[in-house]
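Summarising the annotation, TrEMBL assigns active site to Lys10, Asp140. Annotation comment: TrEMBL describes 70-148 as domain 'GHMP kinase N-terminal'. According to TrEMBL, the feature ATP binding site maps to Pro98, Val99, Ala100, Gly101, Gly102, Met103, Ala104, Gly105, Gly106, Ser107, Ala108. Annotated domain 'GHMP kinase C-terminal' per TrEMBL: 207-280, in sequence order.
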Amino acid sequence: MSVTVRAPAKINLHLGVGSLGADGFHPLATVYQAIGLYDDVTVHDAPSWAVEVRGERHVRVLDVPADDDNLAVRAGRALLAHHGLERAARIEIHKGIPVAGGMAGGSADAAATLVALDRLWDLQTPDDDLLEVAGRLGSDVPFALLGGTALGEGHGEQVSAVDDAGAWWWVAVLSDRGLSTPEVYRRFDERLDGLRLPAPEVPGALRVALGQGDPGRLAQTLANDLQAPALDLRPDLAAVFEAGASVGALASLLSGSGPTVLMLCDGMPHAQEVTAGLTALGHESVLAAPGPVAGAHVVEYA
Ligand SMILES: C[C@@](CO)(OP(=O)(O)O)[C@H](O)COP(=O)(O)OP(=O)(O)OC[C@H]1O[C@@H](n2ccc(N)nc2=O)[C@H](O)[C@@H]1O
Ligand SMILES: Nc1ncnc2c1ncn2[C@@H]1O[C@H](COP(=O)(O)OP(=O)(O)O)[C@@H](O)[C@H]1O
């Protein structure tokens, strides 16, 4: 028997970052949104742990570890440890989420594996326990379970749903190489030069824009505190922001720690226009996706 679970990419509509804490993490006030780019994870009972990674053309699958370092395997082991069990699984990952793009593809695989193994082995793990195991695997993993649009607090692992009336369309401009999340946070610290920041907050105007489902308003409130440090590390990305403005995107924003650049559009036809405009300017990997979409969910039992 096998179980296949689909999990979405995430973006951060607001990424407010505070000063580095004693735990080695930065306090966050973020609003996540799950968008329609997905990884599918299929699990089978097996005598020992194994993982295979495949993916769509725009995904650099060779950058994904195919051993015990893979977040999906770490998730499987963590779930078993939580239940005090000893078993193993073969995990097949089909990636549609860009690797090291600031869209939490590894976290999506971890979340999908938690749900898939829970079903395969009928573990009946309570939701709160799954969220807790997820939060220890990575700050973004609980959101990949929840999906939709959600507030992220703590270091991003404490998630709660947010009212969102929108049917948003995003265009993602991928990069030909990834950016390391810890390096971007380190650069964020360097820029502060010892200054202590107040606790980060999500602006009320963002919640209003989401509640009204108004793309023009949302465009005014998108913000990411990691954008400037990421641009320090990748100054070439400035050209992508300029391209977004020149093809009429409502706003451009770095996705998480980057290097993917997101462009907010006014509906699907506009997203298609923006995609065509960027392609005509020579940007090769450009994907349009709707949001919000569901978190990790079963798509097949076989
Ligand atoms: C920046 C964000 C925004 O959603 O996502 P990505 O853009 O990477 O997808 C997240 O904060 C990334 O979360 P995730 O990739 O799960 O990070 P983790 O595995 O928990 O942590 C990796 C490392 O990033 C740094 N880190 C992470 C989260 C946080 N709030 N503060 C940090 O300083 C720490 O150095 C940590 O050791
Ligand atoms: N299942 C996985 N999918 C993607 N990356 C993984 C996975 N497991 C481990 N990794 C490692 O995590 C790093 C960051 O992964 P990813 O989640 O794609 O990006 P980001 O943190 O930018 O959102 C990759 O460079 C890769 O080495």
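Glycine residues also receive a Cβ, built from the backbone N, Cα and C atoms like all the rest.
Projection of TrEMBL feature records onto the structure.
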{"residue": "Lys10", "record": "active site", "DSSP class": "strand"}
{"residue": "Pro98", "record": "ATP binding site", "DSSP class": "coil"}
{"residue": "Ala104", "record": "ATP binding site", "DSSP class": "coil"}
{"residue": "Asp140", "record": "active site", "DSSP class": "coil"}
| field | Local Cβ density at Lys10 (active site) - other Cβ atoms counted within 10 Å | value | 31
| said: Please count the residues of the domain 'GHMP kinase N-terminal' (70-148) that DSSP assigns to helix (H, G, I), strand (E, B) and coil. | reply: 46 helix, 8 strand, 25 coil
| message | Quick check: which same-chain residues outside Pro98, Val99, Ala100, Gly101, Gly102, Met103, Ala104, Gly105, Gly106, Ser107, Ala108 lie with their CB within 8 A of the centre of the ATP site CB atoms? | response | Ala9, Ile97
| request: List which of the recorded positions Lys10, Pro98, Ala100, Gly106 have their Cα within 10 Å of the Cα of Asp140 (active site), in sequence order. | output: Lys10, Gly106
| In whole Å, how far is Lys10 (active site) from Pro98 (ATP binding site) when you measure between their Cα atoms? | 11
| Annotated recorded positions Lys10, Pro98, Ala108, Asp140, filtered by Cβ under 6 Å to ligand 2 | none
| remark: Judged by other C-beta atoms within 10 Å of its C-beta, the most isolated of the binding-site residues Ala100, Ala104, Ala108 is Ala100
| field | DSSP helix/strand/coil residue counts for the domain 'GHMP kinase C-terminal' (207-280) | value | 45 helix, 11 strand, 18 coil
| request: Find the average pLDDT over the domain 'GHMP kinase N-terminal' (70-148) in the predicted model and report it. | output: 98
| said: Going by Cα-Cα distance, which of the binding-site residues (Ala100, Gly102, Ala104, Gly106, Ala108) sits nearest to Lys10 (active site)? | reply: Ala104
| query | From Pro98, Gly102, Ala104, Asp140, which recorded positions have a C-beta atom under 6 Å away from some atom of ligand 1? | reply | Gly102, Ala104, Asp140
| message | Same chain only, sequence gap of 6 or more: which residues have a CB within under 8 Å of the CB of Gly102 (ATP binding site)? | response | Leu179, Thr181, Leu254, Ser255, Gly256, Ser257, Gly258, Pro259, Thr260
